[in-house]
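Read through the structure below, which is laid out as structure tokens, and then see the notes.
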Amino acid sequence: MTENAPEIPGPEISGKEAYVAAQKMRNLYIGLALAAFVVLVFFVSMARMSQGIHKDAVSRAETKAAMSASKSQ
Amino acid sequence: MKVQKIFIPFVHEGTILSSKPKVKPQPNLTREELAANLEAAYASKAMRGAPRDYFDLLKPRVMSLVVFTGLTGMVIANGQMNWFLGAVAVFCIAIGAGAAAALNMAIEGETDALMRRTRLRPVAAGRVTKNDAFAFGGVLAFLSVALMWLAFPDGLAAGLLALTIVYYVVLYTLILKRRTPQNIVIGGAAGAFPPVIGWAAATGHAPLEAWILFAIIFLWTPPHSWALALYTTEDYANAGIPMMPVARGAKSTRLQILLYSLVMAPVACLPIAFKMGGLVYAAVSILGGAFFIYLAMRVYLSRAGDHPEGGEESLYDVKKEALSARNLFAFSILYLTALFATLLVEHALTGLMS
């Protein structure tokens, strides 16, 4: 620690409250945006998974149909 | 605790073994000076950036046109896609375009401050710092491309989106804008990619039809931008940007507007030949294109841009001789919107009726 460190003035500095308020507002929006992004990624993953399940079902049905067609021949 | 001095020969001050640390001399600030510095920092409007300022960084009006053309490309592609993922694709295109705009504003902050048209932008006006705008744009660019890739893992839509952002920020803003009067011709391609991105998201491919939509916007951009530049020449000259009227003169610019219009109007009719547009689109594209050429001819025959001194009253304080350029600029926006809206509505109605 250095000697004779300057004292930091207290909250009576004008403009600090407005600065802190603006900062809080920005932080709130950043937090909300991050949360929204996480939710969006979740739902996109769910949509992709349901697409994958649907495609698997379709390809299984097609394979089954092809096998039964070749058996009947 | 007091540190004991250790004598080590041939060791310079300030090195790790020295007992005497090398410190930068600190000014002895009084309490009042420190308070004044802090007050200046807290009062700085760049520290007060409101959410609205960050939204303005995204250039919402440009973003809306980009979203609209991207949505049109996606709808008329006739791909079988999940509606939710389609909405995500449009969202990613919007955010990607906004990110490119924010990065553009971050880079061009000082230049924008010199131009009447752009001096109220957040970075130019000092409401958002350059670094904040860079961070904002960079993060949005990354997230938009990542989300697009997550939603469409084939990578084409995400790759095209990344290419668009890099094209606009690096090629247009950093390289071309200050170097050549062809800046808007080459750089305008960035605004033409969204319908291709939408098409790629819908189908996983980017066929010729998608690139026809690209060509329409690519050829539309120069007459649109130069019409604006004709009555804001002084602005660009003050900022040192070699737009066509500044670099080659108003007469050459008026001729090039006409030539590009003559090429663009037939290209805008190509969707008819490729069965992308029906009868309504044929009427809109032919009549609209004809009127576009008429307005371009009026600009060519006028003296728009010959006396570029603008008024200080407002951005739209246009000299009488430049009214034809202003009319062409205004109509160009209506024309492009009408073209893509017609395509969208026709395909939507066809889909409902089939």
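Cβ coordinates come from backbone N, Cα and C, glycine included.
What you see is a predicted model, and the numbers here were worked out from it, not measured in a lab.
Quick look at what TrEMBL lists:
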| type | residues | note |
| --- | --- | --- |
| TRANSMEM | B:57-77 | transmembrane segment |
| TRANSMEM | B:83-107 | transmembrane segment |
| TRANSMEM | B:128-150 | transmembrane segment |
| TRANSMEM | B:156-176 | transmembrane segment |
| TRANSMEM | B:183-202 | transmembrane segment |
| TRANSMEM | B:208-232 | transmembrane segment |
| TRANSMEM | B:253-273 | transmembrane segment |
| TRANSMEM | B:279-297 | transmembrane segment |
| TRANSMEM | B:328-349 | transmembrane segment |
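The transmembrane segment (B:328-349) makes contact with the transmembrane segment (B:208-232), as judged by at least three Cβ pairs under 8 Å among residues 6 or more apart in sequence.
Taking pairs at least six residues apart, the transmembrane segment (B:156-176) and the transmembrane segment (B:253-273) share fewer than three Cβ pairs below 8 Å and do not count as touching. The stretch with the most CB contacts under 8 Å to the transmembrane segment (B:183-202), chosen from B:57-77, B:83-107, B:128-150, B:208-232, B:279-297, is B:208-232.
Here the transmembrane segment (B:128-150) has Cβ contacts under 8 Å with residues 46, 49, 53-54, 57-58, 88-89, 91-93, 95-96, 98-106, 109, 122, 157-158, 161-162, 165, 169, 201 of the same chain, all six or more residues outside its ends.
By the Cβ criterion (under 8 Å, sequence separation of 6 or more), the transmembrane segment (B:57-77) is not in contact with the transmembrane segment (B:253-273), since fewer than 3 such pairs are found. Looking at B:83-107, B:208-232, B:253-273, the range that has the most CB pairs within less than 8 A of the transmembrane segment (B:279-297) turns out to be B:253-273.
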